[in-house]
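> My questions will all concern the structure given below.
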Amino acid sequence: MGSRPSTKIPAPMMLTIRVALVLSCICPANSIDGRPLAAAGIVVTGDKAVNIYTSSQTGSIIVKLLPNLPKDKEACAKAPLDAYNRTLTTLLTPLGDSIRRIQESVTTSGGGRQGRLIGAIIGGVALGVATAAQITAAAALIQAKQNAANILRLKESIAATNEAVHEVTDGLSQLAVAVGKMQQFVNDQFNKTAQELDCIKIAQQVGVELNLYLTELTTVFGPQITSPALNKLTIQALYNLAGGNMDYLLTKLGIGNNQLSSLIGSGLITGNPILYDSQTQLLGIQVTLPSVGNLNNMRATYLETLSVSTTRGFASALVPKVVTQVGSVIEELDTSYCIETDLDLYCTRIVTFPMSPGIYSCLSGNTSACMYSKTEGALTTPYMTIKGSVIANCKMTTCRCVNPPGIISQNYGEAVSLIDKQSCNVLSLGGITLRLSGEFDVTYQKNISIQDSQVIITGNLDISTELGNVNNSISNALNKLEESNRKLDKVNVKLTSTSALITYIVLTIISLVFGILSLILACYLMYKQKAQQKTLLWLGNNTLDQMRATTKM
């Protein structure tokens with residue numbers, strides 16, 4: 001028995017998973033509450049589970065293209081089988097030749113190996129230009145060379161079996177499953193029926209089914225005609241080749257039914273042809289599957305913004321498109337490393353960015369902390385559906401209720417209007433008629449107004465206008481400065497030298513001293529003059545008194 005494929009997760013990925021799991025165990029994750037945000041033009045459109053993955057699992061599907069018919073019916077179906085066999089060889093021989101050229105390009109000399117590989121790739125590409133993806137695919141094809149050789153050793157036994165699904169493990173380094181969609185048809189139609197069929201009917205049935213399968217093969221390998229062996233096969237193509245038997249390999253590799261539908265939609269399950277043998281009509285495909293780690297309690301929340309009415313015009317909230325929350329921590333999630341499906345995110349790494357306190361407060365329900373940008377124009381869709389209801393900006397469009405008839409008006413200062421079946425059963429918005437089935441309960445906040453201070457300018461045109469105003473102000477300031485410089489140029493520089501300034505200061509001090517002394521002297525003279533006046537007045541009064549006394553005598 002061969003060894004089973006390793007499903008161990010690499011150390012760097014395991015470290016990432018452990019860190020994320022530790023964070024997720026701090027506190028259960030709560031999704032962002034969209035009820036207080038809806039009336040502010042911020043709509044929570046949905047959540048997705050966050051998973052981390054690496055493409056580390058591989059298995060092989062050996063597609064048995066030529067079925068084995070019962071001995072008593074081989075002669076009846078010989079003609080359609082021979083035609084089918086010739087068509088298969090014509091269709092798939094370029095694929096087989098391309099695979100062999102690339103695998104045989106490996107030499108023991110290190111210097112010429114890369115050159116031979118690139119030459120083999122370019123030899124199989126129509127335009128003569130090998131892309132990075134094609135070089136990567138060729139390298140993977142070379143790595144699978146030994147496994148393909150091991151499968152070819154068993155080709156006779158695989159071709160001889162009548163089983164539609166057969167697990168091949170002898171001498172193989174990874175799980176391999178031989179499947180035959182046509183063999184399944186033969187077994188169901190001829191081997192398990194007691195009804196006798198005439199030879200013509202057998203030939204017709206086999207011919208029709210083989211033609212249908214050839215059509216599927218042409219659809220699958222259409223892109224391979226221009227660059228054989230270098231294009232990945234999608235999961236849909238693998239199912240076309242293997243039919244329902246594909247599930248057997250996926251189950252063996254540990255893909256459960258609960259993950260299968262999501263992984264199929266992600267495009268992470270792919271296949272690469274690694275061999276084609278025209279003698280036995282066997283086609284080997286190496287299937288690559290992801291190892292997926294589920295991050296408990298980590299969800300990605302998607303946010304959409306609606307153009308709202310403000311006193312400064314139409315504006316939209318400045319919030320991230322995708323955020324993730326673990327406990328009380330909310331951060332922006334970078335989905336450029338992720339593949340999205342309807343319910344899941346599959347990421348090679350988790351990258352988050354911290355948010356400003358204002359945005360954090362806004363997403364926590366404090367709508368007065370939300371900031372808005374005047375970037376949305378009047379042609380932006382002014383409404384959004386959510387859970388059977390509508391959030392609309394009835395300032396930008398006419399919200400006409402068909403049943404019951406009426407116009408839904410948006411009060412002055414309100415950012416948006418929340419419309420549900422309670423207020424309108426059938427709503428017409430710009431020629432689009434919607435039947436409402438949802439309801440906004442009392443927990444939804446309404447009548448939210450956006451203050452002027454919450455609206456900022458971030459649009460390119462608006463910023464250009466503001467920059468123009470700033471440039472005008474700067475130009476005016478430069479003109480004033482130039483005028484001031486002209487006035488300063490008229491000043492005699494010699495009068496402003498250091499020695500002249502010292503002289504001016506000394507002279508000023510001397511002048512001040514003389515001025516003070518003069519003031520003191522003037523005050524003294526005035527005081528002395530007043531004293532003399534008093535003395536003369538006193539002498540005059542005494543003389544007058546003496547004269548009066550002499551007259552009386």
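Going from the start of the chain as shown, residues are counted 1 onward.
Note that Cβ sites are derived from N, Cα and C of the backbone, with glycine treated the same way.
Okay, so Swiss-Prot annotates it like this:
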- 1-31: signal peptide (SIGNAL)
- 32-500: topological domain 'Extracellular' (TOPO_DOM)
- ASN85: N-linked glycosylation site (CARBOHYD)
- 117-141: region 'Fusion peptide' (REGION)
- 142-170: coiled coil (COILED)
- ASN191: N-linked glycosylation site (CARBOHYD)
- CYS338-CYS347: disulfide bond (DISULFID)
- CYS362-CYS370: disulfide bond (DISULFID)
- ASN366: N-linked glycosylation site (CARBOHYD)
- CYS394-CYS399: disulfide bond (DISULFID)
- CYS401-CYS424: disulfide bond (DISULFID)
- ASN447: N-linked glycosylation site (CARBOHYD)
- 466-491: coiled coil (COILED)
- ASN471: N-linked glycosylation site (CARBOHYD)
- 522-553: topological domain 'Cytoplasmic' (TOPO_DOM)
> So what pLDDT does the topological domain 'Cytoplasmic' (522-553) average out to?
76
> Could you put numbers on the helix, strand and coil content of the topological domain 'Cytoplasmic' (522-553), residue by residue per DSSP?
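Tallying H, G and I as helix, E and B as strand, the rest coil: 31 helix, 0 strand, 1 coil.
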> Can you grab the distance from ASN85 (N-linked glycosylation site) over to CYS347 (disulfide bond)? Cα atoms, rounded to a whole Å.
43
> Would you identify the secondary structure of ASN85 (N-linked glycosylation site) according to DSSP, in three states?
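DSSP assigns ASN85 (N-linked glycosylation site) to helix.
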> Provide, as an integer number of angstrom, the distance between the C-alpha atoms of CYS338 (disulfide bond) and CYS362 (disulfide bond).
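CYS338 (disulfide bond) and CYS362 (disulfide bond) have their Cα atoms 26 Å apart.
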> Which bits of the chain, at least 6 residues beyond where the topological domain 'Cytoplasmic' (522-553) starts or stops, bring a Cβ under 8 A of a Cβ in it?
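Beyond its ends, the topological domain 'Cytoplasmic' (522-553) has no Cβ neighbours under 8 Å.
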> How would DSSP class ASN366 (N-linked glycosylation site) in three states?
coil
> To the nearest whole angstrom, state the Cα distance for the pair CYS347 (disulfide bond) and ASN366 (N-linked glycosylation site).
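It is 31 Å, counting Cα to Cα.
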> Do any residues at least six apart in sequence from CYS401 (disulfide bond), in the same chain, have a Cβ closer than 8 Å to its Cβ, and if so which, in order?
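ILE407, ILE408, SER423, CYS424, ASN425, VAL426, LEU427, SER428 - these are the non-local Cβ neighbours of CYS401 (disulfide bond), listed in sequence order.
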> Looking at the recorded positions CYS362, ASN366, CYS370, whose Cα is closest in space to that of CYS394 (disulfide bond)?
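Spatially nearest to CYS394 (disulfide bond) by Cα position is CYS370.
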> Would you identify the secondary structure of CYS401 (disulfide bond) according to DSSP, in three states?
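DSSP assigns CYS401 (disulfide bond) to strand.
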